[in-house]
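Features reported for this protein in Swiss-Prot:
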type    : residues                       : note
DOMAIN  : 54-281                         : domain 'Radical SAM core'
BINDING : Cys69, Cys73, Cys76            : [4Fe-4S] cluster binding site
BINDING : Cys113, Cys144, Cys204, Arg276 : [2Fe-2S] cluster binding site
Amino acid sequence: MTEAQTACATTETPVAAPAAPRWRVADVIALYELPFNDLLFRAQQTHREHFDANAIQLSTLLSIKTGGCEEDCGYCSQSAHHDTGLKAEKLMEVDAVLAAARTAKENGATRFCMGAAWRNPKDRHIEPIKEMIRGVKDMGLETCVTLGMLEEHQAKALAEAGLDYYNHNLDTSPEFYGQIISTRTYQDRLDTLERVRDAGINVCCGGIIGMGESRRERAGLIAQLANMNPYPESVPINNLVAIEGTPLENAQALDPFEFVRTIAVARITMPKAMVRLSAGREQLDDAMQALCFLAGANSMFYGDVLLTTGNPRAEADRKLLARLGMSASEASQLSA
């Protein structure tokens, strides 16, 4: 080797080793296994470092295109693969969506989410959805949409319309995923999330628990979310609603304390995220919902229906927050 070659060899930049995950599944399991009081104490401490512990964001979710979805998600009433009696409907008109958003704002919501039951939107769908986004934002509401998988140009178009958040859940851990859905891969979901992030839209990504997964698999979902770089700004945690006609209609109900533990673990591992109580709140009594707030949930979906499943009535939610001395926050950007 010549002197020049030797010099080149010795100054060559070494290849960096892959970054270690911030949270190993074993670490997340260890959080789950803490005594309940210790877990909630730690979660509440973490929560108070970044948020007003007595403020809850109220979100409303509207199904802007219902039923007839090509995917075979085992939990979903909107899948064309399942006989749930749900009638497929076309995309709602822009004016009807904006009217629903006005009602949501009048009822106290500060965030308006629009969901469409598609595998992926067609390009012809993007323009009316951009109109919906702009109209909702003009009302001073935060916007979120969930439309299925996105192409890069579609994500950019939504960003240009001013979309605040795009929701695309992982649903469960990579290991359990194949037992829930076969028509879309885990990597498909991660690819869409990357396109959303690259377009400059905040990521809303969480999952569903109570689908028959083990605690290890719940921990696997949380680890997957927490190890995203960065982790999602918004993390909805859904409690399975077992719907007649779906493959999971006979799923055993989850212990509500396990749901609260999941909220706490999400808060500890993703300290600055909005952790959102989503579907399945009807299965939690007021005391359990209060424990979820103590565990670090700082948003809840508000209104009588979430897409196609029931939800506690808005008046009951207002009364619960008043009993707890909590108030509705103006927006989700509460983190210090």
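A Cβ is built for glycine as well, from the same backbone N, Cα and C atoms used for every other residue.
Take the Cα of Cys73 ([4Fe-4S] cluster binding site) and measure to each of the binding-site residues Cys144, Cys204, Arg276: the nearest one is Cys204. Less than 8 angstroms from the CB of Cys204 ([2Fe-2S] cluster binding site) sit Cys144, Thr146, Tyr165, Tyr166, Asn167, His168, Pro232, Glu233, Ser234, Val235, Pro236, each of them six or more residues away in the same chain. Arg276 ([2Fe-2S] cluster binding site) sits 19 Å from Cys76 ([4Fe-4S] cluster binding site), taking the CA atoms of both as reference points. Residue pair Cys76 ([4Fe-4S] cluster binding site) / Cys113 ([2Fe-2S] cluster binding site) shows a Cα separation of 18 Å. Once Cβ contacts within 10 Å are tallied over all protein chains shown, the binding-site residues Cys69, Cys73, Cys76, Cys113, Cys144 are led by Cys113. In this structure the alpha carbons, written CA, of Cys113 ([2Fe-2S] cluster binding site) and Cys69 ([4Fe-4S] cluster binding site) are 19 Å apart. Look at Cys73 ([4Fe-4S] cluster binding site): DSSP puts it in coil. Residues Cys113, Cys144, Cys204, Arg276 make up the record's [2Fe-2S] cluster site, and a Cβ search at 8 Å around their centroid adds Ser59, Leu61, Arg111, Thr146, Tyr165, Asn167, Ser234, Pro236 from the same chain.
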